[in-house]
Amino acid sequence: MNDNDKTNFYLVSVVLITAVGMGVLLSSYSTALYLGNFSRATLPYYFIVSGILSALTAGGLVHFLSNTNKKTILVIQASSIVLVLLYVILNFWPSKLLALIYTFLFIALSNIYSANSWNLATASFELRVFKSFANRFLALISINSIVISTLSYIGIDVWGQNILIYFSLILMIINCFAVARIQLQQINFKGPVNKSVSLRAYPLFLSLAIFLALINIIFIFANYQMMFRLSQALDMAQITKFMTLFYLLGNVGSFLIQLYAKRILELFGISALFLSSTAAIFISFIPSIFYPYLYIITLFNLVLLIFYTSWVSLGWQVALNALPFSLKNRGQIVIQAVTNNLARIAASFILLIFAYHYAFYSYQILTGLILIFMLVFAWKIKQFYGETLLSNIKEKRFYFPILDEESDYHFLAKQVKYLLSSQDPIKIKVGLSILRWTNPKQVREELVNLFDYPDPSVRIKVYKTSSYFGKLYDKKLLQQLEKEKDQEATWQLLFLIFKKHHERIIEKLDDYFHYSNPPYQAIAIIAAINYGELRHVSEAIKVLEKMANSKEEDIRFFAVMALNHIDLGNPVELIKKLANDPSYKVAKQAIKATHNTKDRRIVRLVIAQLDKSKVSYDAVQSLIKIKIDVAPLLLRTCLTVNVHRYKPLIRVLCKLNTSTTERCLGKLIPRAPFLFSVELSEQIALRATKIPLSNQLKSDILLHINHIITELNIFNFLFKQESDLDKKRELMLRKQLTEKKLICFLATVIQPKSIMEILPKLASKYELQQPDSQHDIALEYLDWLIEDRALAKKVFAAIEDKLQINDFDRSQFELDCWSKKMLYHTASEDKTMDTVDKVFALRKVPIYTHVPAELLISVAEECQFVEFPKGKKLIGIGDYPDKIYMILSGSAAVVYNGKIERYAKENDLIGLFIILTERNSPLEVIVNEDSTMLELSRSVFEQLTNDYPDILKEIAKYVVNIYFNVVEKTIQTDSTVLSKIL
């Protein structure tokens, strides 16, 4: 927790505690105020008006405040303090009109403060931080509500009923000061909205909301009966004291219930919570039927309050933790509006219908019917969804029996049976893939029969699929283990046994530790650390270290497989060692073992693996799946790393969907180096096709577009002014990349889907080496992309180069490092060459034509300027050179079997073929005349192909071109023979 989060935590705690405490006090006082001034016959109207007022407040003022900034909230809160102070003054001359107005004003203020306090809490932290604090906030609210209610109860005895107003006023002032000090992480409190996603996809959450609404209806009935009898038996001061005690007991009960609700949820599932709470309400309801007295009904009402408060808290937690980010606000509105306000209004109208015509038995009959419906509803939840935990709601669909997965699978049953009985391994694997997604109660016979299939890859797939089904007989698995000989298949079978019958592994731990077969040692490590005694854990760590340090690849592989399935501290050094293992399969599994980490050191290690071509893809996948928000770390790396392997960094950052991703992208857009910025524009455009961008990120992009237009104008101007061909070529490449960046960003903010059509055309025209490809794309698409005509005019003026020199000031624009170095460079007069000269020279070779200058600089810095006299043999027959030569001046003869096949001239490469084929040279290369060349080592060239794989296309074109030149010379351009070769 950083200092800002720590400060916000204390301030938000104060805001939440004071808001909820004030709500309890005002609820008690408003109830007593109404009952003390008005007839109990008007109670139905009280419930109707208060329900409608709560709905209007939630749907109107609170909704307005949730879309505005902190200053507006402070103004509303200051106004509410003034209104309460006004009541304190006017209360010296009490009247029924004053009581009526302030009864409902206090109800509205309670709703406003409660809703705004949670909006402020959400906006004060990043989402993942707020989630970690949410349970602490709820606990603090419960405990402090108990304390505030207790102090109020004592205060009423000492100072009278008005102490509740004075206490509320103090809490409101404290709340206002705390709100003013909070440092918000968001400009407003409105979360992202994705209208394509609906709460209907999460019927279990909607079931929870319906259940809450039903409890609230019963609570209104019981509350009416309690308040009716209160007005008969007690005066206003006594009612105030009674209601304060009522809410105090309710807070205590709710706190205790919430302590045990989580255990019930984890052990038995949500249906158990539904059933147990309904049963408790039903039991407390029975005495009120036969003895409808004040304290019996109050007890029933208290039980309802306890369970209602607990379920509301649970509903908020589900909305926060279980629903997708785009549905969180909507889920909280459903919990607040549907379960509280709409249910309250519905129950109030029922009261109005029955109040003047029937006795209390009508409410009791309705309550009994609703409770019976709740019991049936809870049982149906159990039948439909089983014991599904709320934590599993996210990214899952819950179907009714007509559409459940087993029924969906039924029509495929015959096809699956046919595939599993086939002799073709591919068909069997397809059948197993389909079978995996079913959920039958027992393992299919066809699956068990495949245990003896001869192909080990099929058996591995069978063992993996079996883990998704019910328990298999342990004897069958142990018999299969004795027959299994393939190491990887043995591992999968052992892991299956561990998941289904881990006690069988525990029984043989000591034997498995000392087996020579590494899969047995690996499964013993997992079983010991998860279920073993202390001595077993100690032995497992020793065996794991020994396996990880083994010289045998298979043993290290199973060591990292074990590491994948245990939670053993943060073995940073061990993972670092295994992630750098020369064996790909070991390094891959080591990186995969980082998926569940929350350690930033390991995240930095995985980021470092992006530089390694073999495991770069695996590192990308790990960073996307890792359990902490890696966007800030990637941002810092993007700003400090060199240009090598820049694409994986950008691609990972743009694929993340964490709370800070778009904020980091917004910071990176204006600060990214030139080459990064081009790739960044493309990846953000691709991201926008899948994830709608926030308004803030769109605003950042639109702001940066003006900078890109200026950048393009500068390159157009410099290109026209430059006379040096080498510099002109570099400026043209810069200009083309800038145009691509502009097109991608424009498509992103205006019509993201269009980028899927634009990028392939850019790529195809680029491969055809059309110099005006970006210009053509711009003319083809931008006219209908840009709705803002002023922006369109600026863009077209820049792309079509219609601006005059005086249309911009070059001195106010900061060029990128390479452009400055290249523009102010002066060619060397002697034979030495600096880096810029080498880049210009390399650029003339076809394979380097489109390599970004930032990468080519690193190649140029490793190139050595060399001179060779006539007759010098560069490569002999049987040599395996580790260098590539580029001819700057002069020539060299390529000799095969004593015959000159061709002459390598200026800008040709020598040694490329041998390095690509990785074979000893069958040719000789002899310097034909005094020559100067650039010498490049094999390792640097291979690093370039890793950093910029697109160069392989250019190499292929270069090789094919030389091949055709040689063939045409050999067959003297005989088109008949050439057609046969082709």
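Glycine is no exception: its Cβ is also placed from the backbone N, Cα and C atoms.
Any TrEMBL annotation is an automated prediction that lacks curation.
Note on TrEMBL: of 43-65, 342-364, 365-387, the range annotated with the feature transmembrane segment is 43-65. Using the rule of three or more Cβ pairs under 8 Å, pairs at least 6 apart in sequence, the transmembrane segment (72-93) is in contact with the transmembrane segment (162-180).
In this chain, the transmembrane segment (9-31) lies in contact with the transmembrane segment (137-156); the count of Cβ pairs under 8 Å, excluding pairs fewer than 6 apart in sequence, is at least 3. Between the transmembrane segment (162-180) and the transmembrane segment (292-312), the number of CB pairs under 8 angstroms, six or more residues apart, is fewer than three, so the stretches are not in contact.
Listed as Cβ neighbours of the transmembrane segment (242-260) (distance under 8 Å, sequence separation of 6 or more from its ends, same chain) are residues 24-25, 27-28, 31-32, 138-139, 142-143, 145-146, 149-150, 152-153, 156, 164, 230, 234, 298, 301-303, 305-307, 309-310, 313-314. Taken together, the residues of the domain 'Cyclic nucleotide-binding' (847-954) have an average pLDDT of 84.
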